[in-house]
Amino acid sequence: MDGTFDAGFREPTISKANRWGREMVVALKLGWPLIFTNLSQAALTATDVIFIGRLGADTLASALLATSFYHTLMIFSMGLVSAVMPMIAIALGKNRHSVRDVRRTVRQGFWSAIMIVIPLWVVLWHCEEIFLFLGQRPDIAARSTDFMHTLQWALLPYLFYIVLRSFFAAMEKPMWTLLVAALAIGFNALAGWTLIFGHFGFAPMGLHGAGMATTASSTMMFLGLAFITLRHPRFRRYHLFGRFWRPDWPRLIELWRIGLPMALTFVFETSIFYAAVVMMGRIGPTAMAAHAVAIQIASLSFMVPLGFGQVATVRVGRAYGRGDPKAIAYAGWSAYALGVGFMALMGILMVLMPRVFIGIFLNLNDPQNLPVMELAVTFLALAALFQIVDGAQAVAAGMLRGLRDTRIPMLLALFGYWGVGLPLGAVLAFQFGMGGVGIWLGLAAGLGMVAVLMTIRWRRHLAHVSAVAAA
């Protein structure tokens, strides 16, 4: 958070109970479309995993290797352009009709997407050398690379979609993104089923078909939101695509100043999960396939606190923009409570009914899947242990982004994930012979450390803005 907080806002006195209740209602109203939008995004990947899983364990392992690497780079670039969200929220907090400010930010979000995606395309095209360097089997590395050569073209339209999604979220109108994402699920499922297995006259394309379906779906999502911004009277007045070619260097620099630490924070978190995939690959195909199933389930539940983290970014950002310290606290803690509460419930369900979740991704009646299923049950029980802290760190990070605090949280994430989580997981897995279980315990420890550190930093910010308001 910078030192420009203006505590000039004074709101009529409202009881604490009413304030908490009102903020909870607002968080839920804004949050559920964001949550289901996140789930829709996860469902696109989950649909591909379900289809590809029917092609065999080795093919699933190849897809996991490729998508894990792709998503690591995608998350980095997505984190960069997601700086659009707090910047717009703060601008609207200062002035509800900041048309020019909003337009400048969105345009530079598009510019940033183009700037970052070109070098990433080069890296993705040559990923086979990276996979072999990391010790993956040559046959799996080759299949993963073939998959990547179709999947990578989804990146640019997806980043454009993220820019517009951030715009709609900051405007507190996320229903449009939910509508587009929901339509994309059906489109991706139909396209994947058609191209992967060969229907409606198409030859079976396997992994290539999955990549083509994802690229087409990402393009559809961007075009859908772009159409709404161009046609809807509420958004058309921003002229987001007008004079697109004009540079705006001050705004571009500001976006990168906020967004680059966000991008690195996202990468530190997601890359530790990619490192876990690499370590699982060294243990064996069974561990890797079981990890693929368990991590997919955990990722789906994570979409809920991620949504409440986005709510926190918008609500905290707007309160920060208008200089209201009490609203900052209520907005942040309300989203925090909702995110952590949901993850606690999901952790209980993962322990009580793991086979229900696993059966979505594996045929439980196939004897060949029994070793994978048994190991996935164990991994899912361990995932339940870190559900609460995972939710806490996700929402706390969103709260801090609403204050434009991204650099120190980046360092906290680096320490927690790579200073604690990964080394501990590697030692437990390979030095103490715990295998995949040790890797999952390390992940839990890293998430817990980040959650504690970010929550402490948030509390310090609250103390600071309260002191400024009282001065």
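Residue 1 is the first one shown; counting continues down the chain.
Cβ atoms are placed via backbone N, Cα and C, with glycine included.
Annotated transmembrane segment per Swiss-Prot: 30-52, 67-89, 110-132, 147-169, 176-198, 208-230, 255-277, 287-309, 330-352, 372-389, 410-432, 436-458, in sequence order, evidence recorded as sequence analysis.
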Below 8 angstroms Cβ to Cβ, which residues of this chain, lying six or more residues outside the transmembrane segment (436-458), approach it?
269, 272-273, 276, 279-280, 283, 287, 290-291, 294, 332, 336, 375, 378-379, 382-383, 385-386, 389-390, 392-393, 396-397, 399-400, 405, 408-409, 412-413, 415-418, 420-430
For the transmembrane segment (330-352), give me same-chain residues lying six or more residues beyond its boundaries with a C-beta closer than 8 angstroms to one of its C-beta atoms, as numbers and ranges.
19-20, 23-24, 26-28, 31, 297, 301-302, 304-305, 308-309, 311-312, 315-316, 318-319, 380-381, 383-385, 387-388, 390-392, 394-396, 398-399, 402, 455, 458, 462
Counting Cβ pairs closer than 8 Å, which of 30-52, 287-309, 372-389 has the most of them with the transmembrane segment (208-230)?
30-52
Other than its close neighbours in sequence, what residues sit by the transmembrane segment (110-132), given a CB gap under 8 Å and a spacing of at least six beyond its ends?
65-66, 69-70, 73, 76-77, 80-81, 138, 140-142, 144-145, 148-149, 151-152, 155-156, 159-160, 162-163, 244, 247-248, 252, 255-256, 259
Beyond the flanks of the transmembrane segment (287-309) by 6 or more, those residues with Cβ under 8 Å of it:
27, 31-32, 34-39, 41-43, 45-46, 49, 57, 60-61, 64, 273, 276-277, 280-281, 335-336, 338-340, 342-343, 346, 350, 357-358, 360-362, 372-373, 375-376, 378-380, 383, 387, 390-392, 394-399, 435-436, 439-440
